[in-house]
């Protein structure tokens, strides 16, 4: 399982939908997903993108006046969960 | 999958609390119902005079305290607001009218279903229908706009309301009304209600369980994450009821506690609730939790809910087990049309703004 992924967050669901449409138009892969808990207490929508596309997408957003709230790198903290600890331990054994 | 599992368990806590509170004395299938509970509080304050539904529900106080303290401790307490407050107030107002025609908020709908009340299934259909209509507006550009930072002191209004309600509940001053019969006279012991309310507040603040968000995401982005919270509420509510409340479990439409069998109005009442919830970005319980963690806009929405409850009873809009009064039917139809017009108004304006941006972009490119 990958250890981190990147998302853009938005203030409103509507901004997320506009982002998805325009970024897809530019031929870049994007997937909308529920806002990760680590970034926000809202139950809004975020857009998952490839981490190395950050600058290119930011440039497109600026050019096409797409509003985003921020760019975040989300690190999966699997090691905190008891069952992943258990699994890791098993692997080591 | 781990996120969804967590969501399921957090939802499960809420479902279980619902079953326990019902066992301990809350009205039938009303272990927790945010619409009903704010309505009871409105009645206790004398904002309406429906004598059977007046009580300061300790669960609400618990939810406020729970969500406030946990958000304060974890740094989630952020005071923001200023995103279309009056539209939110009006949507909260009509949301409550829809909920009181169906007789329950989306949370009680799930809890009713978990105790065999199939009228709630009709309501669920309406709720999803309303959310579907709302997502059409979202797709076309509907937004209430960004919120901005507010003075920190504004975030303490809801916790203070919680304290004031608690004082009223304990000292029972003469100007606060308490039902002597009917649902308002039924309640679990205060301390337990408070504590379990706090558990619900904490669970909701941590997990962001949202009944409207669950269906919205299925429709809009085909994601089931938030839906797992709802499934958890239902599953644990069902198991809790089968264990604790087996004597009241009744699968069917007829003879359900605090419910009626007018299918059309159960459906349309929840269409209005679904529509308002998705346009607001959260159902009543979510709004209550957000209001407690510093979201001033959600706070205004909850005032709308309270006002909607008062008007519902004063104008004879609210349903009862006897059925939906004519005024209630008219109000639901008016509500669906009126809220749609408001949403359309927002869409029309944002698409105008978009056109402007498009023109600017074309100029820059040229």
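Placed from the backbone N, Cα and C atoms, the Cβ positions cover glycine too.
For the transmembrane segment (B:7-25), the list of distant contacts is 31-32, 59, 107, 110-111, 114-115, 186-189, 192-193, 196, 199-200, 203-204, 206-207, 209, 225-226, 228-241, 243-245, 248: same-chain residues at least six beyond its ends, Cβ to Cβ under 8 Å. The transmembrane segment annotation in TrEMBL covers B:7-25 (among others).
For B:55-74 (among others), the entry in TrEMBL reads transmembrane segment.
Feature annotation from TrEMBL assigns transmembrane segment to B:86-111 (among others).
According to TrEMBL, the feature transmembrane segment maps to B:117-135 (among others).
For B:156-178 (among others), the entry in TrEMBL reads transmembrane segment.
Among the features that TrEMBL reports, transmembrane segment is placed at B:184-204 (among others).
Under the heading transmembrane segment, TrEMBL lists B:225-244 (among others). A Cβ distance under 8 Å defines the sequence-distant neighbours of the transmembrane segment (B:225-244), meaning residues of its chain 6+ beyond its ends; these are 3-5, 7-16, 18-20, 22-23, 31, 107, 110-111, 113-115, 207-211, 213-218.
Residues annotated as transmembrane segment in TrEMBL: B:264-285 (among others).
Summarising the annotation, TrEMBL assigns transmembrane segment to B:297-318 (among others). Away from its own ends, the transmembrane segment (B:297-318) comes close to residues 35, 38-39, 41-43, 47-50, 53, 80-85, 88-97, 100-101, 144, 147, 157-158, 280, 282, 284, 286-291, 325, 327-328, 331 of its chain (Cβ-Cβ under 8 Å, at least six residues beyond either end).
Feature annotation from TrEMBL assigns transmembrane segment to B:330-347 (among others). Within the chain, the transmembrane segment (B:330-347) has long-range Cβ neighbours (under 8 A, six or more residues past its boundaries) at 87, 90-91, 94, 97-98, 101, 133-134, 137, 140-144, 265, 268-269, 271-272, 275-276, 279, 312, 315, 317.
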Stretch in B:55-74, B:86-111, B:184-204 most in contact with the transmembrane segment (B:156-178), if contact is a CB pair under 8 A = B:55-74
Contact call for the transmembrane segment (B:117-135) against the transmembrane segment (B:184-204), three or more Cβ pairs under 8 Å = no
